[in-house]
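Undergrad: So that we are looking at the same thing, I have put the structure below in structure tokens.
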Amino acid sequence: MTDTTLYLIKAFILGIVEGLTEFIPVSSTGHLILIGDWLNFESSQGKVFEVVIQLGSILAVMWIFRARLLQLIRGTLTGVPSEVAFTRNLLIAFLPAAVIGAIFIKSIKQVFYHPSVVVVTLVLGGLIMLYVERRTRHTPGDVPGAADDTASDERATARTLEQITWKQALGVGVAQCLAMIPGTSRSGATIIGGMIAGIQRKTATEFSFFLAMPTMLGAAVYDMYKNMDLLTQHDLSGIAVGFIAAFLSAMVVVRAVLRFVANHTYRVFAWYRIVFGAIVAAWIFTR
């Protein structure tokens, strides 16, 4: 097997990992850093590779929500109040990460992109998710026949995208800033941030998907603009393979997540984060 073939196989694997993990609250960047390290994946612009293959995932979301997205665009342009309010909320939620990212992203990547950081944020994020889910759901005795993992969100004040207030959107945007630290999870931060702000779980998940569009598109375009002249043909071939793999796997995951959160909490993902973080910690200390 040639070095180029092996490189493309590794890029394909990382693309699958990206698509599978981008829209569940387990941190796609954390998984890419760790699995890329395990695979000894070498790209002259590894961080750009990670950001650009995320574009494949976000295009999958845009395709799945294409009808709703077109409705949002048309409604905003024609002044439909509910669509204008939704667009306003997306802009409010987008701005904090855009401003912080533009100023500090280079320093954040230099300081925090390390497996040990991922371990801490994976475990801490899992514990926070367990706390928030415990705070927002019914206990089994509250609803006859309810299972421990039943999604109820009794305290939620916003149960549809149209009911989200600008203050709740701002809370989601502030939470999204935490996702710049690898291992935190952008989807996890925005979904849990939304639930803390009073947004129903499924609605918070949908809002997180829509918020991912400007956030991840902006990050990908910015990184490509800043680093395109540094990318080699070798890098571009890997990015193309990873992009396609991420797109295809994300198409499957997004639909599955929306079905899952309609009737379940995120507790299973919280425990996954904690267990995975422990495994990674053991790997770091024994390698």
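Here the Cβ of each residue, glycine as well, is placed from N, Cα and C on the backbone.
Note that TrEMBL annotation is computational and uncurated.
According to TrEMBL, the protein carries these features:
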{"type": "TRANSMEM", "residues": "7-28", "note": "transmembrane segment"}
{"type": "TRANSMEM", "residues": "48-65", "note": "transmembrane segment"}
{"type": "TRANSMEM", "residues": "86-105", "note": "transmembrane segment"}
{"type": "TRANSMEM", "residues": "111-132", "note": "transmembrane segment"}
{"type": "TRANSMEM", "residues": "207-225", "note": "transmembrane segment"}
{"type": "TRANSMEM", "residues": "237-258", "note": "transmembrane segment"}
{"type": "TRANSMEM", "residues": "270-286", "note": "transmembrane segment"}
Undergrad: With contact taken as 3 or more Cβ pairs under 8 angstroms (pairs 6 or more apart in sequence), are the transmembrane segment (237-258) and the transmembrane segment (86-105) in contact?
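TA: Taking Cβ pairs at least 6 residues apart, the transmembrane segment (86-105) and the transmembrane segment (237-258) are not in contact, as fewer than 3 fall under 8 Å.
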Undergrad: With pairs fewer than 6 apart in sequence excluded, do the transmembrane segment (111-132) and the transmembrane segment (7-28) have three or more C-beta pairs that lie under 8 Å?
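TA: Contact between the transmembrane segment (7-28) and the transmembrane segment (111-132): present.
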Undergrad: Can you see whether the transmembrane segment (48-65) and the transmembrane segment (270-286) are touching - at least 3 CB pairs under 8 angstroms, only pairs 6 or more apart in sequence?
TA: no
Undergrad: Counting Cβ pairs closer than 8 Å, which of 86-105, 207-225, 270-286 has the most of them with the transmembrane segment (111-132)?
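TA: Stretch with the highest Cβ contact count: 270-286.
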Undergrad: Can you name the far-off residues of the same chain, 6+ from the ends of the transmembrane segment (86-105), with a Cβ under 8 Å from a Cβ of it?
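TA: Answer is 72, 76, 161-162, 164-166, 168-170, 172-174, 176-177, 179-180, 190, 207, 210-211, 214-215, 218-219, 222.
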